[in-house]
Amino acid sequence: MAAEAGEEEEEAARESAARPAAGPALWRLPEELLLLICSYLDMRALGRLAQVCRWLRRFTSCDLLWRRIARASLNSGFTRLGTDLMTTVPVKERVKVSQNWRLGRCREAILLKWRCSQMPWMQLEDDSLYISQANFILAYQFRPDGASLNRRPLGVFAGHDEDVCHFVLANSHIISAGGDGKIGVHKIHSTFTVKYSAHEQEVNCVDCKGGIIVSGSRDRTAKVWPLASGRLGQCLHTIQTEDRVWSIAISPLLSSFVTGTACCGHFSPLRIWDLNSGQLMTHLGSDFPPGAGVLDVMYESPFTLLSCGYDTYVRYWDLRTSVRKCVMEWEEPHDSTLYCLQTDGNHLLATGSSYYGVVRLWDRRQRACLHAFPLTSTPLSSPVYCLRLTTKHLYAALSYNLHVLDFQNP
């Protein structure tokens, strides 16, 4: 290792020495001023400048020059506020891959198959993928390319008598919701498993943040539970929602949570509840048609959230401006139910449709869909039940298999 480090230092010294001491004025500028000039260049101009010589290629590869471009790109690892979520990966490399997302260039593969039709849910954590199959949750480790899995599961988490409907990862725990009306709490790195009766009918959704679990059920209630090991199963609040609850999410501020319901017994399927008291705080929108249930909802920040469902729209809500009207919406062009959504925290939006496993990519600065990827065909039409994405890959769970779209190596 010491020898390799010495070789790198010698190469850097040679490249620094290779910078001409005389010649065009560009070469004689201080590096700080050269950085300022290059910061006005676009991606194409930076690429051409890098072809001039080895020293400029090295100079124009620094993260500082590419950060502005990356923040305007799709799925480059930067949030809307500019937070870098992928500090270990060079920004220039992420911008390269982001062009494949923009152009829809990817390679499709199937990671897992199963014999019986399922309604799988999944989560990603570091280099592991967790996916539900029937009444089990399986953990798999990604191979280094991120586009394939080790076939042998890292772990198997059981405990439900019926299918797992939904689950989340929180505080080294898996919190699962089952069709048996129970909530399961599993420690990821041990055999600890607890399940308790939570609802009279199937638990459709669950979320967990800050040591608090919230659950929503077909029995038209949402409930709040503590995660503390000594208090598992002690209900803190029971909320009558007047509707079946399909989706639920806790605010990043840990002060409230939102429920997405079937929109049959109440005029608005999206309502926000106080986490401490269980009281209704507000409802979102007022012009939903009957049956416009919300199947997926997610917070992007304490004041912004996205929702989608049966009425074929993705809606973006900003609680600082209005709770009566969304600030942006995107319509599924083939009038299909939207089962799930995911974002990169910035410009990219991905949705999963109810027919033919269609995954759509959207640039949130535009109204029209960027690209559509049908992952199944007749007679195996399936909804996309769950989506997850990284800066290089998109994973889609369907009835019979788990697909990956590889944007790093199209």
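Positions of Cβ are set from backbone N, Cα and C atoms, glycine also.
Unlike curated entries, TrEMBL annotations are predicted automatically.
Per TrEMBL, the feature domain 'F-box' maps to 23-69. DSSP places the residues of the domain 'F-box' (23-69) in helix, strand and coil in these numbers: 32 helix, 0 strand, 15 coil.
Within its own chain, the repeat 'WD' (196-231) has Cβ neighbours under 8 Å at 162, 165-168, 170-171, 173, 175-183, 185, 237-250, 252, 254, 257, 259-261, 265, 273, 275, 278, counting only residues six or more beyond its boundaries. What TrEMBL lists as repeat 'WD' is 196-231.
Per-residue pLDDT, averaged across the domain 'F-box' (23-69), gives 83.
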